Amino acid sequence: MTNVIEARGIEKVFHNGDEETRVLKGIDLTLGQGELAAMVGASGSGKSTLLSIIGLLLRPTAGTLSISGERVDDLSERMRARFRNQRLGFVFQFHHLLPDFTAMENVAFPAAAPGGGISRAMRTRARDLLARVGLEDRIDFPAARLSGGQKQRVAIARALMNRPDLIIADEPTGNLDRESADRVLDLMREVNREEGATFLICTHDDGVAARCGRRLTLSDGRLTSNVRDPGGFS
């Protein structure tokens, strides 16, 4: 199995004047292609910091990070931004859709060149993805007219637009009611199983973690548990 994530000795230290806070303390982590993993831990455990480093939003203080075999922790800011846009997909607790853009335009947005328009091929891809997430009847609806669950499904389609190596989901169900959350989780399961998409999901919800094939537990900046469950996400 190809490793999508390979992190070695990841540390992160934040400085505030003379004060030094060690948030991550030597994280070693691999995530294989096609895995669906949940990352859990109490507030302050380092989950969000590790997710930001893997998502190339923060640089580690020490350690190395490779994604799909490519070393990324030492890339320039310009190359990090390019890699992030082209090779990673993101789903957040709050969908961050453009309210006046249609569902199709929101999905296609990551593929559009800065200052450029949306090509016919991009529109076709976006429509196909919206159909994939069950929103073929909402393609031309402005995002502001969609329900919370529908908006999060648009966000998942958007994350898939550039065929990313890895989809990073930060509390993707945290702003949804239970029924909508279950539908979003079911959709992630389908995309993971049928398309082989690799997911890393950060969550406080034990119900979400229990349905994933792997559970990573962080405590006080360390990876304290790494459990695989082949029956997860049933």
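Cβ atoms are placed via backbone N, Cα and C, with glycine included.
Swiss-Prot annotations:
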BINDING   GLY41, ALA42, SER43, GLY44, SER45, GLY46, LYS47, SER48  ATP binding site
DOMAIN    5-231  domain 'ABC transporter'
Binding-site residues listed as SER43, SER45, SER48, least Cβ neighbours within 10 Å: SER43
Additional residues around ATP, ordered along the sequence, whose Cβ is within 8 Å of the centroid of GLY41, ALA42, SER43, GLY44, SER45, GLY46, LYS47, SER48: LEU218
Most Cβ neighbours inside 10 Å, all chains, among the binding-site residues GLY44, GLY46: GLY46
Neighbour count (Cβ, 10 Å) for GLY41 (ATP binding site): 23
Three-state secondary structure, which DSSP defines for ALA42 (ATP binding site): coil
Three-state secondary structure, LYS47 (ATP binding site) (per DSSP): helix
